Amino acid sequence: MEARIEGEVEGHSLEYGFSGKRSVEWDLNDWKWNGDLFVATQLNHGSSNSSSTCSDEGNVEIMERRRIEMEKKKKRRAVTVVAMEEDNLKDDDAHRLTLNLGGNNIEGNGVKKTKLGGGIPSRAICCQVDNCGADLSKVKDYHRRHKVCEIHSKATTALVGGIMQRFCQQCSRFHVLEEFDEGKRSCRRRLAGHNKRRRKANPDTIGNGTSMSDDQTSNYMLITLLKILSNIHSNQSDQTGDQDLLSHLLKSLVSQAGEHIGRNLVGLLQGGGGLQASQNIGNLSALLSLEQAPREDIKHHSVSETPWQEVYANSAQERVAPDRSEKQVKVNDFDLNDIYIDSDDTTDIERSSPPPTNPATSSLDYHQDSRQSSPPQTSRRNSDSASDQSPSSSSGDAQSRTDRIVFKLFGKEPNDFPVALRGQILNWLAHTPTDMESYIRPGCIVLTIYLRQDEASWEELCCDLSFSLRRLLDLSDDPLWTDGWLYLRVQNQLAFAFNGQVVLDTSLPLRSHDYSQIITVRPLAVTKKAQFTVKGINLRRPGTRLLCTVEGTHLVQEATQGGMEERDDLKENNEIDFVNFSCEMPIASGRGFMEIEDQGGLSSSFFPFIVSEDEDICSEIRRLESTLEFTGTDSAMQAMDFIHEIGWLLHRSELKSRLAASDHNPEDLFSLIRFKFLIEFSMDREWCCVMKKLLNILFEEGTVDPSPDAALSELCLLHRAVRKNSKPMVEMLLRFSPKKKNQTLAGLFRPDAAGPGGLTPLHIAAGKDGSEDVLDALTEDPGMTGIQAWKNSRDNTGFTPEDYARLRGHFSYIHLVQRKLSRKPIAKEHVVVNIPESFNIEHKQEKRSPMDSSSLEITQINQCKLCDHKRVFVTTHHKSVAYRPAMLSMVAIAAVCVCVALLFKSCPEVLYVFQPFRWELLEYGTS
């Protein structure tokens, strides 16, 4: 499975998963988007805008594609009219009328995709069973559509394609006989799924009657509304047909959600210029009036006389805009994530009765989004699997988190963006975001803004999204916001605006079995080329695809639903999927997002990942993958905070390397509080490579807020590493030397550096149990200052590290250092016997370094003492034995022995007492 840049994908839907590629859609490859400055630059200046039909006149292939697209649309219009007429004749309910707006037939799953026949078929339709040939032109539409006669649809065996098969009543197609249980008319897979749904009843459905059906219908209507709004702004759009579809859609919306949606939409459409046929708007008004006639409490007001009303789905609640004190009530009733398939002109919408929520996965849904039963402002989670991790209190910035805002601007192109777009967004958000990054992609324009701001700002934005959107429209009179349709989504809240006025504000229920979500992405950190494995819910449903977003570039996953038909029906609803995604990163260091675009066409979930050129850094960050599997836990939330924060830091560092020094704003520097959270997180896990990367970024000018010296003095990293008893981290810090302005800074972390209370790392190690390894590393620093400070460095109370070890009873520490001290002078002050003193002094002065006069540090010598001695004194091949100390000792012993022997062999004379003594006269034995 490969990935391409989105603008290069041929024949793939670029908006909402609808059929074909919009012939007038702008190409992402023709524009360069600066996600930090919110500026779009056209790369191909020789061609006009992609919305102009003149830009493709010379391209025969594109013109042919346009002609085919027009034919497809005309066929869909005809199918829609036939479907509506049939529904009216059969007096079907408004749900079916609405769900046929897309021009597709709705039957059970697995239906073979064919177009509805609006008139006499061009050729006779026969049964597909071998040697049958039954004419199906006058039979039921069901049999015509599936090309099977009534007899063979109920037969136990039928020869199709030379293979004995049987027609499945639920799949509406033939299967081999091995797929059926004895006596069953449905295949084993479909029957098992059907029984599973029947056994597991949904409490919401039981308690609320048709609530699930209403939610499902509203979801289809909302998705159809998005499609119609997109088609309206296409040059190939049939305006009259779109308006007719919109009329029927609004009729169904009114019947489902009350008068307020329809009345506001009608008023706005009458006053706006989005649709050109005024007579159709009048028909729409009459239609809505007829729909609301049975209601006696309706009060008719003109648009100018009626105060602005906010629309809440399924609640018919009315509020005046200035009065914001009353608590807003929102009912989960709309869901963009239900199935909507329109991949080609012969595709039907596959719909069955809404199955109950799967209890096996309902708990997972609850953990993924606790906002189902609580207001947005009281929950720490949202609909996106990656943004629902709230920062931990250890970060020092506990009330801030990273999330995103998604705009869909209908009928707009990149050249419609104002120069001050970023300033308009910041003014709208009251300059609360500390970090902000944006992406655009086709589909009119889908503008995604990832930002980090405090929790109170997110709460205010989501609690009253219509008020927030109206504030944006009031602050800016730019046509980008005030002309045409606008769609806004924040977490699970969405709002629509038309011609500068908000017409819809509702919540998306995430309990739907069609909801798609990313749970984890592996690997969490990648280098240049990556092979991702995405784990999520309903990733392989029709109409879904994965997007990899890196520095403004969208890489699209192809063949999202590969192997979909071979999946067991027992795993179709809210089951865990694994999808592979291969791509090559366009950057060496930074952060990217994995997004999923569901049936509604907008990305419903995202997950961040890190890009680094150092494989060791990636391997350390990947250790968080197992932690993130346990979604909803504190450790998983803290891990996600780290990914977001280090992603923002790497993004700033990469941005700083691209921009000139004059472009840096001191207010945009990364705060020390956030940097401290990254340091502490890496220190707790002993990530030496990540720590080294963070320290290198610290010494980059224009990235982190304070000066490096002030930051290091406050962080006391070596003290932290000693307290963690981490020898690898201590060794890394002692040898760390960043390069700054072509100069290497050495000795930043010293064992004798005084911290709080005058305590040095040596004091801390001497007072801790089991710190032999750390103490060994501290006394082996490159400058050898640790071994000297063992007896000399004193804290505020006057105690040395040796005193701490003695008081704690750590005599092994004292012996460890003493052994090093005893070895040091022997290795440096060894003198050979009988070397002339004058030479010794001169030679030692020549080899003495400046450091020897003030410290006991060992200096590096090229050769050993013995080789140095040989080089100076070797003048002849015959050496005297006197220069051999061992030989001298042996000679001395021999001389002593000879003297003793001679003494006892002589005849000493003892006067006045005995006769002269002789050895021969000496007797032995007892006397």
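Going from the start of the chain as shown, residues are counted 1 onward.
A Cβ is built for glycine as well, from the same backbone N, Cα and C atoms used for every other residue.
Per Swiss-Prot, the stretch carrying the note region 'Disordered' among 191-213, 835-857 is 191-213. Per Swiss-Prot, the listed range annotated as motif 'Bipartite nuclear localization signal' is 184-200 (candidates: 184-200, 354-370).
Compute the center of the Cβ atoms of CYS127, CYS132, CYS149, HIS152, which mark the site for Zn(2+) 1; besides them, the chain residues with Cβ within 8 Å of that center are CYS126, GLN128, VAL129, GLY133, ALA134, VAL148, ILE151, SER153, ALA158.
Its Cβ taken as reference, HIS152 (Zn(2+) 1 binding site) is surrounded by 21 other Cβ atoms within 10 Å in the chains shown. In this structure the alpha carbons, written CA, of CYS132 (Zn(2+) 1 binding site) and HIS175 (Zn(2+) 2 binding site) are 18 Å apart. Geometry remark: CYS171 (Zn(2+) 2 binding site) versus CYS127 (Zn(2+) 1 binding site), CA distance 17 Å. Its Cβ taken as reference, CYS127 (Zn(2+) 1 binding site) is surrounded by 23 other Cβ atoms within 10 Å in the chains shown. In space, CYS168 is the closest of the binding-site residues CYS168, HIS175, CYS187 to CYS149 (Zn(2+) 1 binding site), judged by Cα positions. Cα to Cα, HIS152 (Zn(2+) 1 binding site) and HIS175 (Zn(2+) 2 binding site) are separated by 13 Å. For the recorded site, HIS152 (Zn(2+) 1 binding site), the DSSP three-state label reads helix.
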